[in-house]
């Protein structure tokens, strides 16, 4: 670029035409990284020339050309434009550099870089990604390959992809000794991330990001590409010099260096780069000791209150922890923002040597609770670290009955995780309480029973665990073992006199649980005791036999019947076990229940439907056959709406059921329900053409039967536009085409015309009987109804002229 001239009286910046040809129109975030490849003579020239080709809203960001603006201020506006207003920025009028402090996180790392020949110096980048949002268990991992814009600075393998609070796009940075240098401040992210669960959009991947750490960034425009080697900024001299004018600790530059390394260690640790994190940590610790001794310990606390000592404690770095017993100024009870101590972290990760060193100081608080109410021993028990547990118990100071905020004690963690040896360790303590309940009322025995841990159940029972202690839902260890199908544990509990009939708040006893889950062998175990209440009802009035019949569990039904279960007990919907089996279509169970000779075949449910009505509605032909074969099923029994089995069968198009019912010779083919609807009316309204043919042709149904509104099957079919059914009804020659209803006074033709059913109108006109001048109670004719509703084609069909053309005569 040879020259850029800005005219204060003009709204545009002029520059040589070949620049536009050299650099295609791009968004500003892409353009700023091209800075170094174009030789502008002044700093402002460089920026404003690029801004002239920018499509972003620059006025809002305060980036319109202004040569009176100090360079340092312009740099600050650029940084905030990219990274948002959350950042702290230091700039200088005589330096092309910005030192930036921002909260953020690492989302990815560059794994491969290739030059894109088609883009000149553009780069194809492959990266691995990981996002750890605030929500527990919501870690998202993936990978992506995407093409990045042309940049003055080449991206390298191991570069990190970060997202900073307030920024809309990721920033690519490079790790230095104690800060990060910006390679690309606003990279266009990949459109999609490939995860193990499929492809997701970048917006979905990056959502709910936790900006947990403090980053120190250097954006240096003065470094040319050939001086980008990893060792360029490996000393802290330059960064200290840059910060010296604004730093609160100008006289303590070494301490600033220590703090920066400590933050780097935290950031790398979050990302899983533990080796590099340990290296920075060791350097920070050494610098800290040399610079401050015991002073300013608070300075090294991280975002969550983490201190340099917590890191090696959690990672088992005894080389750093080892000197602590000789240092009288070390606070062994120092805590992070969650209240966790050095001992807590070391115990959680099973670092025996570190635990030993911490205990040797005599200052480690063994029963110290964190913000969750958990102790070091609690973490060790949950993770199954037997050696650490032994160390902590050996002090004689550990309170094994302490409960956390969820009222979970040590036994609960050990039992739930199946740590048999640890349960044994804890039981050896004389004051161990094995019946402590958590906030949900669960005991160690309940959890062990639910998980099927036989050995732990045995240990707890031997040590007087309450076998019938109920949780807040009324459930016992036996009900949990039964639900999960743990036969051996059920056997243990029954042998120790577990109460077999204790019910939960839903009314389910162990037998109900076993039946519902289909655990045939456990049902047998429970019934063998001889104490199970076989007809016990739950809160819905359901008995074990009712549940088994609904599920179709033949073997369980057989067991229950053998133990004299009542076959006709009704639930709150007045359905019996027999009704449930019929409704769900379980032929074998229906056969079993009928074989007892006790099933009430005509028992009505809460809406008055009989088993035959339910079977007809659902289309269970084989069951209908079974019921009719008994000779006891009342084929015309009506429900509360006065509907019969035939009515339901016709409505749902059950041709096979209809044939069975009518072939008995006992079914009423024209029964009317409360609304006056017949089976044929239901079939016509619901477009069941096969059923309509069946009822008309074979069984001579009344096609002119009127409902309580005076509508016939033809009227409904015409209104709904069911052309085939209208045609079928008219083909009998018996349908009354001009029959008016009692509500609106409309004929089938009126309804068809009003709704624009052209084909139906033609069928009705073709009979030569339809009265086109019939008026309803509002004085409307079929034609006027068609016109009023915008059906002009139908209105034309009903005009005298059209009718004369198709009939060869005038109709008045």
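Backbone N, Cα and C define each Cβ position, glycine as well.
Curation plays no part in TrEMBL annotations; they are all automatic predictions.
Record features, source TrEMBL:
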- 372-405: repeat 'ANK' (REPEAT)
- 440-472: repeat 'ANK' (REPEAT)
- 473-505: repeat 'ANK' (REPEAT)
- 506-539: repeat 'ANK' (REPEAT)
- 540-572: repeat 'ANK' (REPEAT)
- 607-640: repeat 'ANK' (REPEAT)
- 641-674: repeat 'ANK' (REPEAT)
- 675-708: repeat 'ANK' (REPEAT)
- 709-742: repeat 'ANK' (REPEAT)
- 744-777: repeat 'ANK' (REPEAT)
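Proximity of distant same-chain residues to the repeat 'ANK' (675-708), defined by a Cβ-Cβ separation under 8 Å and at least 6 residues beyond the stretch ends, is recorded for 641, 644, 646-647, 649-653, 655, 658-659, 662, 669, 714, 716-717, 720, 722, 724-725, 728-729, 732, 734-736, 739, 741. Same-chain residues lying 6 or more positions outside the repeat 'ANK' (607-640) and placing a CB less than 8 Å from one of its CB atoms are 578-579, 582-583, 585, 587, 590-591, 594, 601, 646, 648-649, 651-652, 654, 656-657, 660-661, 664, 666-668, 671, 673. Per-residue confidence over the repeat 'ANK' (641-674) averages 95 (mean pLDDT, predicted model). Sequence-distant contacts of the repeat 'ANK' (506-539), counting only residues of its own chain at least 6 positions beyond either end whose CB sits under 8 Å from a CB of the stretch, comprise 473-474, 476, 478-479, 482-483, 485, 487, 490-491, 494, 500, 545, 547-548, 551, 553, 555-556, 559-560, 563-566, 569, 571.
Same-chain residues lying 6+ beyond the ends of the repeat 'ANK' (473-505) with a Cβ under 8 Å from its Cβ atoms: 440-441, 443, 445-454, 457-458, 461, 467, 511, 513-514, 517, 519, 521-522, 525-526, 529, 531-533, 536, 538-539. Secondary structure of the repeat 'ANK' (440-472), assigned with DSSP and counted as helix (H, G, I), strand (E, B) and coil, comes to 17 helix, 0 strand, 16 coil.
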